[in-house]
């Protein structure tokens, strides 16, 4: 039933849990493919560039951040693919989810930055509201 | 991964609607900053406003990074304070032109490739020190003036941080300006405004030749400031360009950007503006508002000038506490908050480099001095780290054959005490010296091996060198050092 699953991650504990659910559901059917979407907002991008000299360092730094998530998919032997996008996480996830044909969208309930959530509202809430596919929010 | 650079046509006409809208948003955000940075530099608000107009427009043609916004900046304003105070405005124009000339030179010399030698800890120190300086420049407009000043500052901050709840379509700082200026006028609240600190001229900038003597004396006065500004400006511009590269997933020509910054500053100096550079914050506002091309920077400059010409008489009414609150927001946005977690995780030496960079900037008020100190300090730490050789000994009690493993780089600075590590080798014993984790870099390194071999031979030690890599062997061969028997 779930042939294509989108899971949005940001490297936080919750997103690792979300990835675990994605991997588990995907492992039930060998044909299922998981798209892992990592969205970097402006502040994150800015600090990434400040903290890394050059594009290679930047690439390695982000790869390391996503390593725990990669390990989960390896563990479940599911086929997966990473996509990194830049922008405001909510709208970017929504656009990406609606542009492609996903059967299920999975997202963690809380991101890294509580202050941002207070000011801008919860990303998972927006995603649940505006994505056309079924959405699973992992607490 | 190589990023593709936009074509000329893409950069101008690839995103017309997005670029024009973003340009307008940026222009609105530029006005308070241009005024505030002028006041930091100690010049009339028009100097910063003219600079922002001229730099934004010129860089849209000659810059190397479409989608990046350049204008009058805090980093540059801070670097010119002393020059303005001691020698006046005309010297600032001359220094701005010289800054541009130097930047064109750095661009021609392809300075961008040296950016990678600036340690990340120094970069973090740079943005954090900048944030602290911008904040401390506002203290005089916030603290110890009047109770009403505090009220207006707090009200402005509330609008700035809470208005995005309602909508993000209109920039919150603009809303704060409009709402609080209206309130202050309506109720006749007694607080300072921009008009108390400077004048706004509702006219386009005109060409001028700085009124300074064309002499060696003048050059001596402006050169140190111009040199510092040329470096600070390129540092912030190239850092910002890398951020925009990453966000937009398109490439940029960093050396062209350096030359472009130079051209923009030269022309700006001749039109009565102060030196500027790329702005991390404004460029962020631009891309978040949908700006991607050269057209957005162009629009922001032109729209800024229109606003000044048509609304200049209103600009002087902006209360200083509102402007100060906006700059507090700018400084909070400039600070790299993830530096705190970096300080906890990073090696002690790197953390120290960052702290020293910040401290030196804050103490001297000069970003270039902090960067220089940071670069030198991390070079010293790096040399100290790299010139440490460790010899690990594996002693087998029952056998005469012991293994010595060398860890590190053998070169002139590291080999002083190298042979001492082998003082305890027993006469007549047999050792294996393993170089798998080591490398010989120069004649001094090879010489140390030669001395070691002489020492071991004298002690009648039977030895074997293993794990040497090809380039180390070449060095030993070229000096005919008998490393293998």
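For all residues, glycine too, the Cβ spot is worked out from N, Cα and C.
Feature annotation from TrEMBL assigns domain 'STAS' to B:403-485. Residues or ranges marked as transmembrane segment by TrEMBL: B:20-41, B:47-63, B:90-109, B:121-139, B:145-163, B:170-189, B:221-243, B:263-281, B:293-312, B:318-337, B:371-387.
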Practice prompt. Could you break down the residues of the domain 'STAS' (B:403-485) into DSSP helix, strand and coil, giving a count for each?
Written response: 30 helix, 21 strand, 32 coil
Worksheet item: Do at least three CB pairs under 8 A connect the transmembrane segment (B:47-63) and the transmembrane segment (B:145-163), leaving out pairs fewer than 6 apart in sequence?
Response: no
Worksheet item: Are there residues at least 6 beyond the ends of the transmembrane segment (B:318-337) whose Cβ is under 8 Å from a Cβ of it, and what are they?
Response: 32-33, 35-36, 74, 124, 127-128, 130-132, 134-135, 137-138, 141-142, 149-150, 152-154, 156-157, 160-161, 173, 176-177, 180-181, 184, 189, 191-194, 196-197, 280-281, 284
Discussion item. Counting Cβ pairs closer than 8 Å, which of B:121-139, B:170-189, B:221-243, B:293-312, B:371-387 has the most of them with the transmembrane segment (B:263-281)?
Written reply: B:221-243
Worksheet, complete the sentence: If you count CB pairs under 8 A between the transmembrane segment (B:221-243) and each of B:20-41, B:121-139, B:293-312, the winner is B:121-139
Item to complete: Report, as numbers and ranges, every residue of the chain located at least six residues beyond the transmembrane segment (B:47-63) whose Cβ falls under 8 Å of a Cβ in that stretch; write 'none' if there are none.
Response: 30-31, 33-35, 37-38, 41, 69-72, 77, 89, 92, 96, 200, 205, 256-257, 259-261, 263-265, 267-268, 271-276, 278, 294-295, 297-298, 300-302, 304-305, 308
Worksheet entry | Long-range environment of the transmembrane segment (B:90-109) - Cβ separation under 8 angstroms, sequence gap at least 6 | 41, 43, 47, 51, 80, 83-84, 208, 210-212, 218-219, 221-223, 225-227, 229-230, 233-234, 255-270, 272-275
